[in-house]
Amino acid sequence: MALRLGQLGSGPWWRAVRGDYAQLRAPSPRSASACVCRLPGTAGTQPRRGLGHGSSAGGGSRLGTGLAAALAGMAGLAAAVLGHVQRAEMVPKSSGARSPSPGRLEEDGDELARRCSTFMSSPVTELRELGRRPDDMKTKMELMIMETQAQVCRALAQVDGVADFSVDRWERKEGGGGITCVLQDGRVFEKAGVNISVVHGNLSEEAANQMRSRGKALKKKDGKLPFTAMGISSVIHPKNPYAPTMHFNYRYFEVEEADGKMHWWFGGGCDLTPTYLNREDAVHFHRTLKEACDQHGPDIYPKFKKWCDDYFFIAHRGERRGIGGIFFDDLDSPSKEEAFRFVKTCAEAVVPSYVPIVKKHCDDSYTPQDKLWQQLRRGRYVEFNLVYDRGTKFGLFTPGSRIESILMSLPLTARWEYMHSPPENSKEAEILEVLRHPKDWVH
């Protein structure tokens, strides 16, 4: 099923938000997993099948119980529960500081329909439910990540010009589901995945114990801890060795105690992994993220930049995965609305921070030696994701997890050579120096 974004307005879910809810039906497993969304400017291209397309793609993820099941499809959400090694904080800005507008979601059904018409798929939550609670943070976050997914996919498809994003919609029997969009074997991108997950249920005992170990002594009701988790996660691997890989992830989590007390927090980040160092690109990427952070306080970028450098560290290699960006977790201050506005601002910075860099380098000439070095660096990327990334490890060791979406972050190709070491003063050695000793790119 090939769709243009502009044609989504004729679908049944579009009619539903205008009041005809009886016509709203969940897509069949086959049609959902086979969907290919063609974006403006890509007419006439051949549809390509993405990851997660198979017998288990559309019929539910068959997940286990608790949080492990809930994470099905976005490993980054596991880090939101199990990876709180630090607590992110934002201090309220002075009254003289510029404050972004709240961006309140309009309750009018036509406005919601107009906004949803640009998405890659209908939202995971029923539109009637979203319309009933426009001011709820779960609604705001779900619509924001759906919007971000569409914006990123549209921008990447326009850059590639050949390949389409497959749209793989999956459901979770315990509650919620997700939308995995993958473009692979394109002209510019070897593999680009943009995944959304919106899940809810009860925390597993393991997850509850992890929270208690971090000082969150949550009280169960009848042995259960209800939770909601949602987020967007993306990894983009271009073909050209001079175009860097980029990753971003933004998520929201709620847990309700027995007495009705609600705990909530945000997490996420955005980072760049170049094969070869281009200082102009590094400055552009970090400056764009800094400008986004600075809208919410002058001390945020330095703190989250260091956190990123520390987190994406391959200890057995003594290297960072890339040149960093920002990373934060357990963000629950100064208020839910301000924290959301910060996350939204960061999500809006994804396209302007990265797409100009890809456009600049996607047609650069390169040698077989350049490609070889790219494959070796991709090997490092795989090592970090499989050995250190908390969300990936948790998902892989959890029975019933949706493996296709968890491994979406891995490149199509990578390489390992025994005792490989680049020559001194080479451009390969230059990037290694930066990976071993992180730099300040904006001062």
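Positions of Cβ are set from backbone N, Cα and C atoms, glycine also.
What Swiss-Prot records for 1-98 is transit peptide, and it gives similarity to another entry as the kind of evidence. Annotation source Swiss-Prot lists region 'Disordered' at 90-111. Taken from Swiss-Prot, the feature phosphoserine applies to Ser101. Per Swiss-Prot, the feature region 'Important for dimerization' maps to 182-191, 381-417. If you look up Swiss-Prot, you'll see Ser233, Asn249, Tyr250, Arg251, Gly400, Ser401, Arg402 marked as coproporphyrinogen III binding site, on the strength of similarity to another entry. Positions annotated as active site, proton donor by Swiss-Prot, on the basis of similarity to another entry: His247. The site 'Important for dimerization' feature in Swiss-Prot is assigned to His316; the stated evidence is similarity to another entry. Annotated N6-acetyllysine per Swiss-Prot: Lys393, in sequence order.
With helix defined as DSSP H, G or I and strand as E or B, the region 'Important for dimerization' (182-191) counts 0 helix, 6 strand, 4 coil. Sequence-remote contacts of a segment are chain residues at least 6 beyond its ends whose Cβ falls under 8 Å from one of its Cβ atoms, and for the region 'Important for dimerization' (182-191) they are 48, 50-52, 153, 156-157, 159-166, 168, 235-240, 243, 358, 362, 408, 411-413. Counting every protein chain shown, 29 other Cβ atoms lie within 10 Å of the Cβ of Arg402 (coproporphyrinogen III binding site). The Cβ of Ser233 (coproporphyrinogen III binding site) has 30 neighbouring Cβ atoms from other residues within 10 Å, across all protein chains displayed. Ranked by CA distance from His316 (site 'Important for dimerization'), the recorded positions Ser233, His247, Tyr250, Arg251, Arg402 have His247 at the top as the closest. Here the recorded positions are Arg251, His316, and the one whose Cβ sees the fewest other Cβ atoms within 10 Å is His316. As a summary of secondary structure, the region 'Important for dimerization' (381-417) carries 21 helix, 0 strand, 16 coil according to DSSP. Counting every protein chain shown, 26 other Cβ atoms lie within 10 Å of the Cβ of Tyr250 (coproporphyrinogen III binding site). Neighbour count (other Cβ atoms within 10 Å of the Cβ, all protein chains): 23 for the residue listed as 'active site, proton donor'.
For Asn249 (coproporphyrinogen III binding site), other Cβ atoms within 10 Å of its Cβ number 24.
Cα of Asn249 (coproporphyrinogen III binding site) to Cα of Lys393 (N6-acetyllysine): a span of 16 Å. Spatially close to Lys393 (N6-acetyllysine) yet at least six residues away along the chain are Leu386, Val387, judged by Cβ distances under 8 angstroms. Between the CA atoms of Ser233 (coproporphyrinogen III binding site) and His247 (active site, proton donor) there is a gap of 8 Å, rounded to the nearest whole number.
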